[in-house]
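*Asks:* Below is a structure I'd like to ask you about.
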Amino acid sequence: MTTDTIVAQATAPGRGGVGIVRVSGPAAEQVAEIVLGKLPRVRYAEYLPFKDEQGQPLDQGIALLFKAPNSFTGEDVLELQGHGGPVIMDMLVRRILQIKGLRPARPGEFSERAFMNDKLDLAQAEAIADLIEASSEQAARSAMHSLQGQFSSKIQQLVESLIRLRIYVEAAIDFPDEEIDFLSDGKVAGDLYAIMAELDGVRSEAKQGALLREGMKVVIAGRPNAGKSSLLNALAGRESAIVTEIAGTTRDVLREHIHLDGMPLHIIDTAGLRDTLDKVEQIGIERAWAEIEQADRVLFMVDGTTTDAIDPREIWPEFVDRLPKDIGLTVVRNKADLTGEDLAPSQELGHAVYRISAKTELGLPALREHLKACMGFQGNTEGGFMARRRHLDALERAAERLLVAKDQLEIYVAGELVAEELRLAQESLSEITGEFSSDDLLGRIFSSFCIGK
């Protein structure tokens, strides 16, 4: 248990109708007596003045006192709900910090204390931040499911299955002289395959949850005047980029964040790529390449009125040579309203090819479906949970350990090695909920939270 008491504004900075200051720790009752002049009844809302050091009212509002362990943090907690002006909030926090033993809360420290006091696990704590940062209704619902423990429950079920299997395997190791060969009787293999299948299902759900949180970065690239900015505007549904007939109009990177069926898509329009003596345009082109090299997918825009080619290497071999091999490339032939070409998508020389008109939006629905498929979108995410990159990494490590355990069982019938791989898989899964996590990992996670959360 911590011995110090922390304070911070729990509501967002800025002006609002209501602002909340939260205090957590053993001195919460002392703060109440000093600032309120009395100890409020536990878990009852009382309308009281908030007093300065001279006993004069700073503000008046609702005071709520929670006693450990029945609070968000598991400690004594005092919440003061006053008027949400930034000056009032700052005065109230500074007044509380004058009390001996009080200090400002670090980012995420209230959630960290809730985790340390077993009020929620690590995945649930992260879900609080994800719920606040949700950029769509689907993302908010998924974060709420994680906060309610849906993701953690699935992980706990996997961990418990691994523990039961480990007990069985280790019993076979400890009693090798029994008439029955426990490692070869089919139970271990059957249970292991069932756990692997269950883990695959959780991994698939987690990938969808990570997509809801992180989305996909798509860069629109190509020669000047190919229609890149027009495509950005069409996908965004508004005039985000200036469009003219003058080559080189876009000189800097333009960003738009849209949602396709709830999945966030980060679209980036770049300067047209060409050799130029214009210093400003050169800077824009270098920035364009910096974005291209970090993309999840590149939409390679081609002016369909200038060439019939669909192979990007034929259109621009230097571009293909410079593009990192692990980045997906989609050829987008623009101005189909002028060329009259068939809009049917095709697969040519390892690249998807889409014919569109960014101006009239011909072919755009098919391109949107293609982008969803590139993200790995699997349809309705209702009932899913939110996941982060570290969760996917932990699930991947667990799956790798189980594959090794499968080989150790099937090829070598090595009980000790099977048990060790099961232990390592369990350890990886336990990192997700925080049952097995280093202090450094916890510090990185909670430091990314808002102050007051």
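Placed from the backbone N, Cα and C atoms, the Cβ positions cover glycine too.
Swiss-Prot feature annotations, pasted as is:
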{"type": "BINDING", "residues": "R22, E79, K119, K453", "note": "(6S)-5-formyl-5,6,7,8-tetrahydrofolate binding site"}
{"type": "BINDING", "residues": "N225, T244, I246, T249", "note": "K(+) binding site"}
{"type": "BINDING", "residues": "225-230, 244-250, 269-272, 334-337", "note": "GTP binding site"}
{"type": "BINDING", "residues": "S229, T250", "note": "Mg(2+) binding site"}
{"type": "DOMAIN", "residues": "215-376", "note": "domain 'TrmE-type G'"}
*Asks:* Would you pick out, from the binding-site residues R22, E79, N225, K228, K335, the residue whose Cβ has the largest number of other Cβ atoms within 10 Å?
*Replies:* K228
*Asks:* Taking the Cβ of each of the binding-site residues and counting other Cβ atoms inside 10 Å, which one has the highest number: K119, S229?
*Replies:* S229
*Asks:* Measure from the CA atom of K335 (GTP binding site) to the CA atom of S229 (Mg(2+) binding site) and give the result in Å, rounded to a whole number.
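*Replies:* That comes out at 13 Å between the alpha carbons.
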*Asks:* Measure from the Cα of N225 (K(+) binding site) to the Cα of every one of the binding-site residues R22, E79, K119, K335, then give the nearest.
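*Replies:* Closest by Cα: K335.
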*Asks:* Expressed to the nearest Å, what is the distance separating K119 ((6S)-5-formyl-5,6,7,8-tetrahydrofolate binding site) and K228 (GTP binding site) at their Cα atoms?
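*Replies:* With the alpha carbons as reference points, the distance is 50 Å.
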*Asks:* Mind looking up the mean pLDDT for the domain 'TrmE-type G' (215-376) in the predicted model?
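*Replies:* That region's mean pLDDT is 82.
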